[in-house]
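**Student:** Supplied in structure tokens, the structure appears directly below.
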Amino acid sequence: MKLLKPTWVNHNGKPIFSVDIHPDGTKFATGGQGQDSGKVVIWNMSPVLQEDDEKDENIPKMLCQMDNHLACVNCVRWSNSGMYLASGGDDKLIMVWKRATYIGPSTVFGSSGKLANVEQWRCVSILRNHSGDVMDVAWSPHDAWLASCSVDNTVVIWNAVKFPEILATLRGHSGLVKGLTWDPVGKYIASQADDRSLKVWRTLDWQLETSITKPFDECGGTTHVLRLSWSPDGHYLVSAHAMNNSGPTAQIIEREGWKTNMDFVGHRKAVTVVKFNPKIFKKKQKNGSSAKPSCPYCCCAVGSKDRSLSVWLTCLKRPLVVIHELFDKSIMDISWTLNGLGILVCSMDGSVAFLDFSQDELGDPLSEEEKSRIHQSTYGKSLAIMTEAQLSTAVIENPEMLKYQRRQQQQQLDQKSAATREMGSATSVAGVVNGESLEDIRKNLLKKQVETRTADGRRRITPLCIAQLDTGDFSTAFFNSIPLSGSLAGTMLSSHSSPQLLPLDSSTPNSFGASKPCTEPVVAASARPAGDSVNKDSMNATSTPAALSPSVLTTPSKIEPMKAFDSRFTERSKATPGAPALTSMTPTAVERLKEQNLVKELRPRDLLESSSDSDEKVPLAKASSLSKRKLELEVETVEKKKKGRPRKDSRLMPVSLSVQSPAALTAEKEAMCLSAPALALKLPIPSPQRAFTLQVSSDPSMYIEVENEVTVVGGVKLSRLKCNREGKEWETVLTSRILTAAGSCDVVCVACEKRMLSVFSTCGRRLLSPILLPSPISTLHCTGSYVMALTAAATLSVWDVHRQVVVVKEESLHSILAGSDMTVSQILLTQHGIPVMNLSDGKAYCFNPSLSTWNLVSDKQDSLAQCADFRSSLPSQDAMLCSGPLAIIQGRTSNSGRQAARLFSVPHVVQQETTLAYLENQVAAALTLQSSHEYRHWLLVYARYLVNEGFEYRLREICKDLLGPVHYSTGSQWESTVVGLRKRELLKELLPVIGQNLRFQRLFTECQEQLDILRDK
């Protein structure tokens, strides 16, 4: 054995409370007290191991120093992969560090340039939950969890895959928790506290397995830490500070029955730290060959307040070596090298000691295969503790399952090789970043410098900071980084997780109500029918550019046809009638229209009075009693306008639908919020215009022109309808004035006075006799062969004019508007004739013709979207751009909710439940909207999440429904298709998803065999 105390490892005389050696053995970290802050220092291991390297001035001893902790650092621990370093301190924080390969060294802050950081380490996540000093941190054996304990009497389990998510908070100690340790396979975690107890917790459900108190009855809270340790074979757990016959010991606790019959004795004062060697050894004979009946044993180091260190072998009754007065103060921490032959010890006196053993002294270490067999004999092969490596060695019973597994492994190898190439190209100083050399990047930055001339002609150049370029070694472990105010934080994924996905921009407003709801919606402007146009802002916010609504424009009576597409007259919307996306008119726009004399002041009128210029009168039953309570808003327009091109600021903006309110008007000029009265609903009626033009679509080019009150022979006035499609024009005349128009690539329809609705083909042929509406028209829409009419009485009808069938028959909006001050802000008619109403409160309802019910398909205030997290279940980035009616309705609201949820800790169980509920809502909404590609997308995401989380019952139910009966039965109610998709084809798409998890290979085999039987039939 060799003993060394490197004097250059110090914290400038301050205490060192923790030490840990990197898994690759090239460096080690120390944590302790700094100058007015906590200090974490990363040191080079080579000068400790080799005397020549220590003397070589070209070999740096200190690699990096971090002073980010606000108070003393009590513990530093490397992850088992060596990628991350966790540190906990008296500032109640746990910081997770990761190396960042910058170009060139930097100096330590406050060192006047004397100390240089050879390596750059940055804090990638700050974990905040403890209310007291953090005493110890520990990574689980497979880096899936990070545990921390504190003087607040709690142990917190963090999800190391998704920092800062908290999986569990273990409460049970009544004193300061000062030590943590995991068992070798991560099945248990043990904690020791000042309440004279040691508790063992199960990781399966995070519940208490056992509490051991007898060996600690005589103990007092005299130690700064209580670092206990679990043996690498899993058989023994050794505690810190215990007492036996009033003498300090390290208590040995057997896993079998948690018996406490043995202990390590000999120290004169309380034991502060126990650390097992990571290797399991077997005895070595003198001739160099291992003994045949060799029994494996472990090695353990014990440190005490008596400043001495003892090293024990479990095959010996006495310690292998004892070193007295190794330090001037208490031993605080111990760390073994990964090969098991070296040990670092730190003390409160601010010094470090290194002990180097030989194999002759400790024995021959067992191989990893032999170590794994010992673990299996101790813990078994429970799926609850099986790692990915163990699953990969499991027996695969199906050759198709093997094919999917090999394909998945090949994808992982391709990703790793790509990441390796990126890291290799970033190591050289003259490397390339994104296809551009670093020198070129610096030159391009210099080109952007700002140069000005002073009054006397001298040049003045504004200094430009050229930051050091961070070129590596960032792996795909990070999904996203969300900056926190005043701190550095980020979310982290393991290197085995799904490929990195680009987060959607949550700042983009929702095309279907994602922006702030208008609290004061206005009625339709007289210059155009309500709800028939879309402004540029709403088009930019729409997630699918192929689904926009037509544009209505107000023009002089004699407008030239092609000028309808000029930017001076229209908003150049690339509209198709498939899915209108409307926005509300703001009060500012209303005031601007009033200033241009395009809109007169609003005035109340009797509810039961017919619309202006209508020849039909409604009988007045109780006019005297109702006239004071029921009001109607009428908007009139000034027909005397200047000839020629309208002013730029006088263009009309899209207007939202609003529902009539029974409340009395307090001021005529005040914009009113119209709500649904208890007795009746009243929607605004478009006023007749002299002329207007409607752009139906841009591809193919199609627009409609309407001209009212065209004088013919004999003084008779008619209305003219013109349609131009790709240069081919047709026109027809009607006897009544046209109030509003709509069109699609299949039909053109107009609503006239006297409640008449006329439908024409795109060639001008009348398809139906005029339809008499139950009340005056309010809004008209067309999609394909479907025509939707929303009347002033808030009744909705949808017809399929080609098949001449009714889809929705005079359905009232009372059920979705009654009882509150809500307004209809936007309307959508899907390609399958499903009407969707988006309300001002952010909720969207669609009418289900099969059930004759209004179904909720979207809610902007949905809390499920804020907690749901299914990033790992998304197949690719392209899948996130799934378009359709559901995507238009919801926009990007759900993504912003998930981004916001990352800033707050959500328990894993709660997040699991909310994610399942959210995905099931998405599948049901896509089914209700009859959107086949969205239904397929969300079904695959839902199934992938079930596979990842291990929900076999729900997954099996989905497979059973998609498979159907194998043998045909006349009484079977099973439908072979869903929203136009074949169920069994969907099941074939699910099989590769199921095949990614070996736990479901039985389900995979069952489904595949039954599909083969059906195929043979």
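Heads up, the Cβ atoms here are built off N, Cα and C, so glycines get one too.
Not measured: the values here are computed from a predicted model.
Sharing the features that Swiss-Prot gives for it:
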type     : residues : note
REPEAT   : 11-53    : repeat 'WD 1'
MOD_RES  : SER111   : phosphoserine
REPEAT   : 266-322  : repeat 'WD 6'
REGION   : 421-479  : region 'Interaction with ASF1A'
REGION   : 421-729  : region 'Interaction with CCNA1'
REGION   : 439-475  : region 'Required for repression of histone gene transcription'
MOD_RES  : THR555   : phosphothreonine
MOD_RES  : SER557   : phosphoserine
MOD_RES  : THR576   : phosphothreonine
MOD_RES  : SER584   : phosphoserine
MOD_RES  : THR586   : phosphothreonine
COMPBIAS : 604-619  : compositional bias 'Basic and acidic residues'
MOD_RES  : SER610   : phosphoserine
MOD_RES  : SER611   : phosphoserine
MOD_RES  : SER612   : phosphoserine
MOD_RES  : SER614   : phosphoserine
MOD_RES  : SER661   : phosphoserine
MOD_RES  : SER687   : phosphoserine
**Student:** Going along the chain, which residues at least six beyond the ends of the repeat 'WD 1' (11-53) come within the CB cut-off of under 8 Å?
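**Tutor:** Those are 4, 59-78, 80-82, 85, 87, 89-91, 97, 110, 119, 121, 224-225, 329, 332-339, 342, 344-352, 354, 356, in sequence order.
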**Student:** Over the region 'Interaction with CCNA1' (421-729), what does the predicted model average in pLDDT?
**Tutor:** 48
**Student:** If you draw a 10 Å sphere on the Cβ of SER687 (phosphoserine), how many other Cβ atoms land inside?
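**Tutor:** For SER687 (phosphoserine), the count of other Cβ atoms within 10 Å is 20.
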**Student:** Name the secondary structure element type, per DSSP in three states, that contains SER687 (phosphoserine).
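**Tutor:** The residue in question, SER687 (phosphoserine), is coil (DSSP, three-state).
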**Student:** How many of the residues that make up the repeat 'WD 6' (266-322) does DSSP mark as helix, as strand and as coil?
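**Tutor:** Counting residues per DSSP class in the repeat 'WD 6' (266-322), I get 0 helix, 24 strand, 33 coil.
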